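According to TrEMBL, the domain 'CARD' annotation covers 1-90. The annotation domain 'Caspase family p20' is assigned in TrEMBL to 156-288. As annotated by TrEMBL, active site applies to 234, 284. For 328-410, the entry in TrEMBL reads domain 'Caspase family p10'.
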C-alpha cells in the first residue's frame with residue numbers, strides 16, 4: 001500500500017472504528033485475497049466490534065498495493081459507501097511535498113570552522129528533502145538528516161512493563177533474588193521520568209509472565225512511539241535461533257528470550273510496526289564465572305563483600321520435547337526495530353548485590369540519568385558495558401542484540 005493511502009487510513013481510523021460494520025466484510029475480504037481465513041478468524045477474536053474494526057484497519061496497511069482500492073470497493077458493495085468516500089477525501093487532501101528551501105549562497109565573513117558547520121547544516125537540509133522526494137536514492141549525506149532518528153514526540157511515549165521475580169517456589173531449586181526490588185524501584189522511577197507509563201508485576205509463574213506479555217502486545221500502541229519490557233529474574237541458556245538465553249518464572253519454568261521478543265514483532269503486534277521495541281534483561285546467561293585478564297588500569301579495583309554478591313545463574317537446559325519447535329521457527333519474521341540488552345555475555349553469570357541491586361541495573365540507571373537527554377541509546381549502552389566490565393573480582397560485561405534501523409533518543 002502506498003504511503004498516501006496508509007496516511008488516509010490512519011487519519012480516518014477514528015471514524016472507521018466508530019461506524020464500520022465488520023460482519024459483512026469477512027467473506028469479501030477473503031474472496032478478494034486480502035486476508036486468509038485464519039487471519040480473519042484471528043481478527044474476529046480481537047474483541048468488540050470496535051476492536052475488530054481497529055485491528056482490521058491496522059492490518060490492512062500491510063496487505064499490498066491493491067488493498068486500498070479493493071477495500072473501497074468492498075465498502076461500496078456492503079452499503080458503506082459514505083466511509084469509502086471519506087477515505088477518498090482523506091487521500092486527496094494530503095498536503096503537497098514541501099518546496100525546496102531557498103539555498104542561495106550568502107556572502108559572510110565567517111571563521112573556517114563556522115563555515116564548515118554551516119555547509120554541513122545546509123547539506124543536511126538538502127539531503128533530507130531529496131530523500132523525501134525521491135525515495136530509494138541513496139546518499140551518504142542522508143546520515144546528517146534528523147529523519148534518521150526514531151520519532152519520540154508522544155506523551156506518554158510508550159508503555160514499560162517490568163517483570164520482577166524475587167521469590168521462587170521451593171520445588172524450583174532457585175534462590176531468593178535479594179536486591180531485585182532495589183533494581184525494580186530504580187527502573188520504575190527512571191522510565192517514568194522518561195515519559196513512559198510503567199506497570200510492574202512481581203513474582204509471576206512462567207505462564208503468568210506470558211499472559212502479561214501477551215496482554216501488552218495486544219494493546220493498541222498506535223498513538224505511542226515505543227515499548228519497553230524489563231525482566232528481572234534468574235536466567236539460563238536455551239536453544240535459540242535469534243536471541244539467546246531464557247528467564248525463569250517463580251515456578252522454575254523457563255521462557256526463552258526469543259519467545260518474549262517475538263510477541264512484539266511485526267506479525268504479532270501490528271501497532272508497533274516501525275517503532276522501537278526495547279528489552280532489558282537482568283538475568284544470567286549461564287554458569288561460567290569470568291575471572292577476566294590482567295590489564296593496566298588507572299581506576300581502582302572494586303570489591304564487593306563476599307557475602308553480599310550473588311548470581312542469577314542456573315544450569316543450561318535443553319527441552320526434551322521439540323515437537324513445536326520447527327513450526328515456531330519457520331513462522332518467525334526477520335526482526336526489525338528491536339533491541340535486546342543483556343546484563344551479561346551469553347554463557348556467563350550476572351552479579352547482584354543484596355544492598356544495592358545488580359551491577360547492570362545500577363549502572364544503566366546512572367547512565368540514563370546522566371546522558372539520556374543528550375546521547376542515543378547505543379552510545380549509552382557502551383558506557384554501561386565499560387563501567388560494568390571494570391567492577392569486582394569476578395568480571396561481567398553487558399551486551400546487546402541490535403536490530404534498530406535508526407538512532408534512538410529518549
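Including glycine, each Cβ sits where the backbone N, Cα and C put it.
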Worksheet item: So what's the average pLDDT for the domain 'Caspase family p20' (156-288)?
Response: 91
Worksheet entry | Helix, strand and coil counts within the domain 'CARD' (1-90) (DSSP) | 66 helix, 0 strand, 24 coil
Worksheet, complete the sentence: Across the domain 'Caspase family p20' (156-288), DSSP yields 38 helix, 36 strand, 59 coil
